[in-house]
Every structure is written in structure tokens, then in C-alpha cells.
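Record features (TrEMBL):
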type	residues	note
TRANSMEM	B:6-28	transmembrane segment
TRANSMEM	B:48-71	transmembrane segment
TRANSMEM	B:77-99	transmembrane segment
TRANSMEM	B:120-136	transmembrane segment
TRANSMEM	B:156-174	transmembrane segment
TRANSMEM	B:186-205	transmembrane segment
TRANSMEM	B:236-261	transmembrane segment
TRANSMEM	B:273-297	transmembrane segment
TRANSMEM	B:325-353	transmembrane segment
TRANSMEM	B:374-393	transmembrane segment
TRANSMEM	B:405-424	transmembrane segment
TRANSMEM	B:472-492	transmembrane segment
Amino acid sequence: MSSHNDISEERAARYIAVQNSQEFAELRKTFRKFVFPMTGLFLAWYFLYVILATYASDFMATKLFGNITVGLVLGLAQFATTFAITMIYARWADRVLDPAAAKLADHMERGNLQ
Amino acid sequence: MNTLASGWGLLAIILVCVATVAVGALGLRMSRTTSDFYVAGRVVTAGWNASAIGGEYLSAASFLGVAGIVYSLGTHMLWLPVGYTLGYLILLVLVAAPLRRSGAYTIPDFAEARLSSRRVRRIASVLVVGIGWLYLLPQFQGAGLALQTVTGASPAVGSLIVAVVVLVSVAAGGMRSITLVQAMQYWLKLAAISIPCFVLAWLWFRGGQPLPSLTDPGGPFAGALPAYPMREHPLYATYSTLLALCFGTMGLPHVLVRFYTNPDGPAARRTTVIVIALLGAFYLFPPVLGMLGRIYLPSLPAGTRADSVVLLLPSAVTPGTLGDLLSAILAGGAFAAFLSTASGLTVSVAGVIDQDLLSGAMNRRLGGDLPRTHSFRLASLVAILIPYAASWLAPGATLADTVGMAFAIAASTLGPLLILGVWWRRLSVTGAAAGLIVGGTLAMGATVATLFGVGRGTGGWIPVLLAQPAAWSMPIAFTTAVLVSLATPRSVPVNAARAMVRLHAPEEVTARVRPPAG
């Protein structure tokens with residue numbers, strides 16, 4: 001029983017070491033610095049579309065060519081931006097987040113956590 | 001609809017039901033152990049998993065409702081199909097990978113893993129079951145209406161068929177078969193909507209009909225969909241709906257389960273990316289059908305809901321066999337939508353009922369002899385029977401309203417719990433519980449008030465605020481959880497640091513910190 005407690009206490013200590021390490025803090029900061037502004041930005045863009053659709057229906061009904069209106073083009077652009085944002089995030093996560101996480105894992109392994 | 005057309009429609013619906021049960025049985029033969037039964041043996045690849053999520057998510061509201069809304073309100077409404085995918089984008093960037101790393105299988109599991117509190121777990125369980133039931137109710141009602149539109153049968157028949165098929169496939173196959181069934185349902189639904197859409201668009205192009213008039217909110221189409229909650233104060237109603245979709249999707253009972261079947265955080269991310277692509281592809285078609293409806297169905301027969309425009313369109317474009325055939329394909333797809341959403345919800349609700357409510361009680365009574373699969377089957381029965389009975393007791397509620405409310409309640413309770421749990425280390429047990437209780441009470445109170453018609457017809461702000469509560473109930477829930485947590489720092493769980501590392505560090509780190517199993 002006591003050896004079990006030793007193990008779990010050692011585990012807890014190591015978790016706290018990771019949590020307190022600068023590298024882990026930086027990993028989370030990198031993530032927040034990219035993700036939170038991006039979330040805000042794309043929400044603003046969707047909400048702008050809704051404002052236009054509600055209050056600027058004349059503008060949205062402006063015909064660009066034939067029966068193709070500004071509203072239709074902006075509406076389809078919403079589909080396109082959803083895909084674009086998804087791809088941007090996924091590529092960023094592969095390029096920046098995963099390598100940073102792998103480095104943290106490596107440093108933990110060698111015991112030289114910063 | 002004529003007899004031949006209803007014959008085709010009935011055949012399509014029967015084929016969909018038979019295919020669902022058959023694929024479910026195939027899954028049953030493959031699931032051998034209890035753990036396979038529950039989590040698909042964790043061998044599900046990102047592509048299958050994403051198809052399954054898409055299949056489960058695309059309910060009747062997507063298949064019939066979006067086209068109906070674009071038909072009656074114009075392309076102004078394109079924010080709605082985009083909004084349905086938006087929830088997954090928020091889920092992807094904010095919680096997908098951490099949720100997978102948490103190792104949680106259900107939201108109550110997450111609550112317990114993050115906060116080490118049985119009490120918060122219990123509250124989350126009650127909410128999951130409540131939201132699941134509320135979301136199941138319109139699936140049964142919608143199935144009844146669809147079968148009635150196609151064959152003229154009483155609405156009771158359609159809902160009974162869905163209840164029985166779902167019960168059989170869930171209770172027999174468990175999670176593994178459901179993953180297969182759901183993945184198949186996505187592709188079935190995509191085919192069922194895209195093929196008729198391409199054929200009809202081609203006939204329109206060849207027929208040289210004019211382009212539809214796309215934006216005339218005051219024109220003859222307005223008001224064709226009295227059920228839609230955009231009655232007054234449209235900007236508030238729209239924002240509130242969008243907020244509910246954005247932050248409610250992650251809290252829906254049948255969503256988190258699918259993240260557990262990913263091998264690691266990056267795989268959870270890949271799955272979500274594919275989900276967004278699949279949903280985006282699907283949602284391109286309903287608006288096209290809605291716009292074609294504007295050309296060929298300038299007015300709907302009296303007493304017909306705009307939701308049925310998809311089913312009526314083919315015969316209006318090309319009367320005769322081709323039209324009947326296309327209608328039948330669309331009817332089959334709509335039924336697939338009811339079946340898949342209802343099964344996904346039933347598995348999740350049954351999982352929570354089994355794990356958190358039934359197993360304990362049954363083990364106490366029977367001394368733990370009951371096999372796990374038996375109690376899961378009993379839980380499935382309970383999970384289906386109650387909303388099925390409720391669909392009889394509350395026939396007045398409209399489909400779009402009920403689904404919207406399930407999203408609003410999720411966004412006011414489980415959404416904040418997940419976001420704060422993943423991102424805020426100082427979340428305390430008391431704070432989390434207070435947020436869940438306050439958000440849940442407000443959103444559910446608004447739902448009950450709306451179902452009973454409080455303030456209906458008065459035309460003021462009150463019915464709008466009650467019908468679309470997310471814009472006020474969600475901020476109140478977040479604020480309550482944060483303020484109470486700050487006031488009760490001593491109830492921050494002692495292992496919060498460890499939980500945060502597990503959520504945010506890559507799997508390799510956690511695997512190395514944890515001692516080897518056994």
C-alpha cells in the first residue's frame with residue numbers, strides 16, 4: 001500500500017513539474033495566442049454577415065450580374081471561409097503545435113525541462 | 001401524392017430501415033468483448049469516424065428544414081447551414097484534442113476526470129440525458145410527419161418505426177455497429193440529396209427556366225414557414241441561435257463519444273477537419289433545392305409545411321416516373337436522417353443512464369452478477385421510451401424550436417463546463433456545479449415556458465427571449481461559474497495541475513509520466 005502511495009506521489013510531483021515548467025506555459029501561450037484571436041475574428045465575420053442580411057437587405061439584394069446578388073456571393077463565401085479557416089488551423093497545428101509538443105516530450109524524457 | 005409515388009417512397013423507406021438493421025447486425029458479429037461493444041475497439045480510422053459524426057449530426061432539420069428555410073426566406077438564410085458547421089469549427093480549435101486526451105468517454109466522465117467530483121458528474125449526467133431526450137423528441141415527430149407526407153399514413157406509424165429500428169440496432173450492436181451504421185448513413189444521405197439535386201438542376205438548366213428571385217423577404221414566400229423562430233427582433237434571434245450552435249455542438253451528448261474512438265489528440269483534430277469538409281459538402285445541396293423550389297413551387301398546397309418542399313419539388317419539376325423516383329430517394333434520405341440522429345443520441349443517452357444510474361442500482365440489487373451488455377440494453381429501452389412517450393404528450397412543439405432549444409441548453413451548461421474545464425485551471429468544484437445549475441435552470445425554464453406558450457402572441461421581447469435563451473443564459477452561466485470559482489478557491493480540486501497537463505501536453509508526455517499499466 002505504501003509503495004502505491006509513493007508512486008502516485010511521485011507521479012503528482014512530476015505532473016506539477018510539467019505544469020510549472022516554462023516550456024509547458026509557452027506551449028499553452030502559443031496555442032492561445034493563435035486560437036483565441038482567430039476564433040474572435042471568424043465569429044466577427046459571421047456576425048457581420050447576419051447584420052448585413054438583417055439591416056442591409058437592399059445592399060444584399062444588389063445584383064452583380066443576372067440574378068446573382070451580393071447576398072448570394074457573401075453567403076457562398078461563408079462556406080469557402082469555413083473551409084479556409086479549418087485548413088489554416090490544421091496546418092498551423094501540424095507545423096507549430098505538434099513539433100513544440102514533441103520537443104516538450106523529449107525534454108521531459110531527458111529530464112532537462114526548462 | 002398518387003399511389004405509385006407513395007409506393008416508391010415506402011419502398012425507399014423500407015430499404016433504408018433494412019439496411020440499417022443489416023449493417024447493425026454485421027457490426028454485432030464483429031463486436032466480441034464488452035469494450036468493443038462500447039468504444040468500437042478504438043480501431044476506427046479518422047475517415048470512418050468523421051463519416052460517422054457527419055451521419056449522426058445531419059438530422060431531419062438539416063435534410064428537410066434548411067431547404068424549407070431558404071425556400072421561404074431567401075438566401076439571407078445561408079447563415080443557417082454555415083452555422084450548423086460552425087459548431088464543429090469551435091469544437092476543433094478549442095476542445096477537440098484536449099477532450100481526446102482527457103480519456104473521457106462521456107461528458108460526465110470528463111467532469112469527473114477534470115474535477116474529481118461525483119456531484120458534478122451526477123449533475124452533468126442529468127443534463128446529458130435531458131438534452132438527449134429533448135433532441136430525440138423532434139426526431140420521432142419528424143419521422144411521423146415525413147411518412148405522412150409520402151404515404152399518407154398516420155404520424156404514429158413513422159415515429160413507431162424509428163423507435164423500433166433504433167432500439168433493435170442499438171441494443172443489438174452497441175457502439176461498434178453504430179459507428180458503421182452512422183458512417184454508411186452519411187454517404188447514403190449525401191447520395192440521397194446530391195443525386196436528385198443534380199438531376200433537378202440539370203432539368204432546370206435544360207428547360208431554360210429563369211433564375212430564381214433570390215431575395216424577397218417581403219414577397220410571396222415570406223411567412224410560408226411560421227414555425228421558424230425568426231418572428232420578431234430577428235437580429236437578436238439570429239445571434240442567439242448562432243451562439244447556441246457555436247457553443248452547444250460540443251455539449252451535445254452524441255458528439256464527445258466519437259472523440260474517444262480517436263487514437264490520440266492529433267487524430268481527433270484530423271477527424272474534425274474531415275467532419276467540417278463532409279458537413280460543408282452536404283450543406284451546399286439543401287439551399288439549391290430551396291432555390292429551385294422558388295421557381296417550380298411558387299405556392300405550396302394549403303396546409304403544407306415549407307419543410308416538405310424537398311419532397312414535393314421533384315414532381316413539380318418533372319411529373320411522372322422520374323419525379324416519383326427522385327421523391328422516393330429524398331424520402332429515403334430523410335428517413336436515414338431520423339434513424340441516424342436518433343441512434344447516435346440513444347447510444348449516448350443509454351451509455352450515461354447505464355453507467356451513472358442503472359449499473360450501480362442493479363449491482364446493489366443483484367450482487368454484480370448482471371452482464372454489462374444486459375444493463376446497456378435495458379438502458380437503451382429507457383433512453384428511447386421516454387422521449388417516444390413525450391412525443392405523444394407534447395405534439396404542439398415545432399421541430400426547429402425543439403432542436404434549437406436542445407442546442408441552447410447545451411450551450412448554457414455543458415459547453416461552458418468543457419471550455420472552462422479545458423482552459424481555466426482555477427475552476428472549482430463549487431463553481432462548476434453552480435454554473436451548470438444556474439445555466440441549466442435558466443435555459444430549461446425558458447424551454448418549458450416556450451413549450452407551454454408563455455407570452456405567445458403578445459409580440460414583445462419576452463417570447464423572443466424565451467424562445468432563444470442562449471444569448472443571455474450562456475453568459476450568465478459562464479459568469480456564475482467564474483465568480484463562484486473565484487470565491488471558493490479552496491474547492492479547486494487538488495489534482496487540477498495534473499488534469500491540466502493531461503489535457504494540454506501531448507500523449508507521449510502523459511504516457512511517460514504515467515507508470516506502466518498493471
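The backbone N, Cα and C atoms fix where each Cβ goes, glycine too.
Looking at B:48-71, B:77-99, B:186-205, B:374-393, B:472-492, the range that has the most CB pairs within less than 8 A of the transmembrane segment (B:156-174) turns out to be B:374-393. The stretch in closest packing with the transmembrane segment (B:6-28), judged by the count of Cβ pairs under 8 Å and taken from B:48-71, B:120-136, B:325-353, B:472-492, is B:325-353. For the transmembrane segment (B:48-71), the partner stretch with the highest count of Cβ pairs under 8 angstroms, out of B:186-205, B:325-353, B:374-393, B:405-424, is B:325-353.
If you look at the transmembrane segment (B:77-99), the same-chain residues 6 or more away from its ends with a CB under 8 A from one of its CBs are 57, 62, 66, 69-70, 110, 238, 241-242, 245-250, 255-256, 259, 265-266, 268-269, 271-273, 275-276, 279-280, 283, 286-287, 418-419, 422-423, 503-504.
If you look at the transmembrane segment (B:120-136) against the transmembrane segment (B:325-353), you find at least three C-beta pairs under 8 angstroms, all six or more positions apart, and that counts as contact. When Cβ-Cβ distances under 8 Å to the transmembrane segment (B:325-353) are tallied for each of B:186-205, B:236-261, B:273-297, B:405-424, B:472-492, the top count falls to B:186-205. Against the transmembrane segment (B:236-261), stretch B:405-424 shows more Cβ pairs under 8 Å than any other of B:186-205, B:273-297, B:405-424, B:472-492. Same-chain residues lying 6+ beyond the ends of the transmembrane segment (B:273-297) with a Cβ under 8 Å from its Cβ atoms: 46-47, 50-51, 53-54, 57-58, 62-63, 66-71, 75, 78, 81-82, 84-85, 88-89, 92, 186, 189-190, 193-194, 196-197, 200-201, 204, 209-210, 212-214, 221, 309-310, 312-313, 316-317.
Tertiary proximity for the transmembrane segment (B:186-205) is limited to same-chain residues at least six positions away from its ends with a CB under 8 Å from its CB atoms, namely 16, 19, 51-52, 54-55, 58, 63, 278, 281-282, 285-286, 288-289, 292, 295-296, 313-314, 317-318, 322, 326, 329-330, 332-334, 336-337, 340.
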